[in-house]
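Participant: Let me give you the structure first, and then I'll get to my questions.
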Amino acid sequence: MNQFTPEQQSKALRYLVAFHLLIIASSNYLVQLPFTLFGFHTTWGAFTFPFIFLATDLTVRIFGAALARKIIFFVMLPSLAASYVLSVLFYEGQFQGFGALSEFNLFVARIAIASLMAYLLGQILDVHIFNRLRRLRSWWIAPAASTVIGNGLDTLAFFGIAFYQSPDPFMATHWQQIAWADYGFKLLISLGLFIPMYGVLLAFLVRKITATRPNFSLSNA
């Protein structure tokens, strides 16, 4: 039984949809900016996208899988439009002017579509795995497993769709290397930073909720 009122769920849905859209749009812009770290090619998007998995896992833990799936549904089309528009306006990190929107940009369109497909695959899998494992005694197993598998599928789908035989010669040549490096950095960031952050935020949110709802239990969320 859900322990939150419809008004509380609706408010959470609005905030979380906005957060997902912000992270997706910014990540699609940042993925156009490759750089080399420790000899590996990667992109700045590797440092922002894991925030979505953190938010999704907390959503499933606190509100349940149903709300997390609603977020995915409401984010799909707006994220596609926002990703394309922002990436065209700030193509390769430079503001191109609003006139750039008058011409279709295939390179950016592939990134936007790839982002949508990767988001759907990664998030649906993340919700499914996390929801299956969240009742285990050790709190960290569910977010760690869903992060490793969800990020892997998300990264493979995104780079394969966006940059296979891309008109950008650098990305067309190095997309596989960048994808592996991107996945590695995502895991490093997620497991080293976001999983501990998940534990801290979960404890904080549970304290805040139980202060006003003493009967709240994660096992029933």
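Glycine too: its Cβ is placed from the backbone N, Cα and C atoms.
Copying in the features that TrEMBL gives for the protein in this structure:
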TRANSMEM  12-31  transmembrane segment
TRANSMEM  43-64  transmembrane segment
TRANSMEM  71-91  transmembrane segment
TRANSMEM  107-127  transmembrane segment
TRANSMEM  139-163  transmembrane segment
TRANSMEM  183-206  transmembrane segment
Participant: Going along the chain, which residues at least six beyond the ends of the transmembrane segment (107-127) come within the CB cut-off of under 8 Å?
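Facilitator: Answer is 24, 27-28, 31-32, 52-53, 56-57, 60, 65, 68-69, 72, 75-76, 79-80, 83-84, 87-88, 91, 146-147, 149-151, 153-155, 157-163, 166-168.
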Participant: Can you name the far-off residues of the same chain, 6+ from the ends of the transmembrane segment (43-64), with a Cβ under 8 Å from a Cβ of it?
Facilitator: 2, 4, 9, 12, 16, 19-20, 23-24, 26-28, 30-35, 71, 119, 122-123, 126-127, 130-131, 134, 142-143, 146-147, 150-151, 154, 178, 181-182, 185-186, 189-190, 194, 197-198, 201-202, 205, 209, 218, 221
Participant: Below 8 angstroms Cβ to Cβ, which residues of this chain, lying six or more residues outside the transmembrane segment (12-31), approach it?
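Facilitator: Contacts of the transmembrane segment (12-31) (Cβ under 8 Å, skipping residues fewer than 6 from its ends): 4, 43-45, 47-49, 51-52, 55, 59, 63, 67, 70-71, 74-75, 78-79, 82-83, 86-87, 90, 93, 111-112, 115, 119, 158, 162.
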Participant: Using a Cβ-Cβ cut-off of under 8 Å, list the residues of the same chain that are 6+ residues beyond the ends of the transmembrane segment (139-163) and lie near it.
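Facilitator: Distant Cβ neighbours of the transmembrane segment (139-163) are 31, 49-50, 53-54, 57, 61, 110-111, 113-115, 117-119, 121-123, 125-127, 129-130, 133, 171-172, 175-176, 178-179, 182-183, 186-187, 190-191, 194-195, 198-199, 202.
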